[in-house]
Amino acid sequence: MTHFVAIFFSSLFMCSNVFAGSVSSVSLGSLSSALNERMQVMKAVAGYKALHHLPIEDLPREQVVLDHMLQNAQQAGLEPHSVEPFVHALMNASKTIQYRYRADWLSSPDSAVPVRDLTETRQQIQQLDTQLLTAISQRLMTGAFSQEDKEFLMSHLTAPHLSESDKNSLFASLSRIQRQH
């Protein structure tokens with residue numbers, strides 16, 4: 001009888017490890033996809049701001065984004081205070097990408113500047129932010145972010161104008177996010 005109990009528990013342990021690994025890989029894929037898409041949307045934001053002669057940095061809007069993400073973080077089961085540095089890193093990378101696009105357009109004035117309605121673009125960004133927080137929460141259910149996770153994300157974050165230092169800043173703040181207790 002003890003032999004069967006040992007087999008049962010070892011099978012249960014193996015299944016939980018397989019499940020945890022699959023959740024981890026799925027959530028990392030979702031995380032990298034949402035991050036890439038969010039960074040790619042910055043081209044449209046930069047285009048709108050360039051066309052309407054708006055500054056890239058918009059501190060009141062950043063506060064709205066921060067408040068919204070912290071509220072969503074709590075709903076996703078994350079500790080909001082631990083998410084705040086990630087949100088700042090995300091917004092800084094987003095602004096940096098916008099500046100890089102604006103610089104490209106200044107040096108190549110004939111290039112087409114994409115223009116979309118900013119309200120629609122912001123709705124898309126909010127949806128992506130929710131996806132990001134959900135993927136982070138799911139990943140943290142299996143444990144903290146690892147070096148392998150960093151390598152995966154660094155190799156899969158391929159959005160134009162996202163530099164290695166941007167990626168490092170994002171991952172450093174991402175690795176400090178915690179689930180609520």
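Including glycine, each Cβ sits where the backbone N, Cα and C put it.
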- Note on the structure: Out of Gln74, Gln75, Gln98, Swiss-Prot lists as part of the substrate site with Arg38, Lys49, Asp58, Glu62 the residue Gln98
- Query: CB neighbours of Gln98 (substrate binding site) within 10 A?
  - Reply: 23
- Can you count the other CB atoms that lie within 10 A of the CB of Asp58 (substrate binding site)? 15
- The largest Cα to Cα distance in Å among the residues Arg38, Lys49, Asp58, Glu62, Gln98, listed in the record as binding substrate, is 17
- Local backbone state of Asp58 (substrate binding site), from DSSP in three classes: coil
